[in-house]
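Written out below as structure tokens is the structure these notes cover.
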């Protein structure tokens, strides 16, 4: 979607940098939210042989790839650093080594170009990603008509229900009491011999299976509140797989396990979304359900949550799959919002491996709160 300059409702352009885990990414967005350039580099080959992300390797890879990537993305956008309105970098939560690399480069560029630096909360970037102009229209988004909404943040490291009352205004309603949903997908994928990361491979395998073949448990379904638990479901899958001790699972059995596990997760997600929406009714009724994070790319889960939202008479909105996983577009987009309200950061801002969305420092300056 191409917006003329007159429709720029944010100061821009903004460079976004993402290095919180194992994707190295950079992107530039203009003041309308239009993507001028973006690059995402997966570190899959660096970590696959270890069966998961190795923090030290991830940090070294960010250090090797990021400077050249930022230069390339600026060239693609046709901009100099002095043309930017600000530089935004993920500064938490995440793996501290990677955060230090990305935030450090962002601060250095901001200092050299004499531009503001904006420390971005990775969770806020996911929260706002579904509101990109290409999905709704920038005038409608910036008018605040979408707030409040219920965010279901579903990824390898996070599984939370959050009431989003505005930029910088987040109320956590519930979350996982053990594994994150993406972590559960990866662990079950490993049980099925699918390698790492297991989530996408499990989803593909599930297409060949019967989702009703196995009656796996639905942890927390029907419980008061909107918390999650996946350890019991993961254990149930492990116990079933243990019935095949003499070699690899037959493809048909593996596919049925994958499909039945995925169906159980989708069922739980729909139930927890319904419960969270009911909780929001007591505070500020949600106008829509937003689903974000890497697991939001899963078609079965998207469908289940869309149905749950439809039953409540509201829409479900999710980024396109490529923007569900970690990327710098969402970082730059969050940076545009924070810059609009003057919520810039000092160069002494320290990256935080843990940084909840409802932390006091997430609030916008009082004089600019919408």
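Using the three backbone atoms N, Cα and C, a Cβ is placed for every residue, glycine included.
Feature annotations, courtesy of Swiss-Prot:
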type    : residues                               : note
BINDING : 122, 126, 326                          : Fe cation binding site
BINDING : 153, 154, 155, 156, 157, 186, 199, 298 : substrate binding site
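Distribution of Swiss-Prot features across the structure.
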residue : record                 : DSSP class
122     : Fe cation binding site : helix
153     : substrate binding site : strand
186     : substrate binding site : helix
199     : substrate binding site : helix
326     : Fe cation binding site : coil
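For the substrate site, whose binding residues are given in the record as 153, 154, 155, 156, 157, 186, 199, 298, the maximum C-alpha distance rounds to 17 Å. Shown in sequence order, 156, 182, 185, 186, 189, 294, 295, 298 are the residues of the chain, 6+ apart in sequence, with a C-beta less than 8 angstroms from the C-beta of residue 199 (substrate binding site). Counted within 10 Å of its Cβ, the other Cβ atoms near residue 155 (substrate binding site) come to 24, all protein chains included. Taking the Cα atom of each, residue 153 (substrate binding site) and residue 126 (Fe cation binding site) are about 7 angstrom apart.
Comparing Cα positions, residue 154 (substrate binding site) lies closest to 126 out of the binding-site residues 122, 126, 326. Calculated from their C-alpha atoms, the gap between residue 122 (Fe cation binding site) and residue 157 (substrate binding site) amounts to 11 Å. Of the chain residues outside the Fe cation site list 122, 126, 326, 18, 20, 90, 123, 125, 155, 293, 327, 330, 331 have their Cβ within 8 Å of the site's Cβ mean position.
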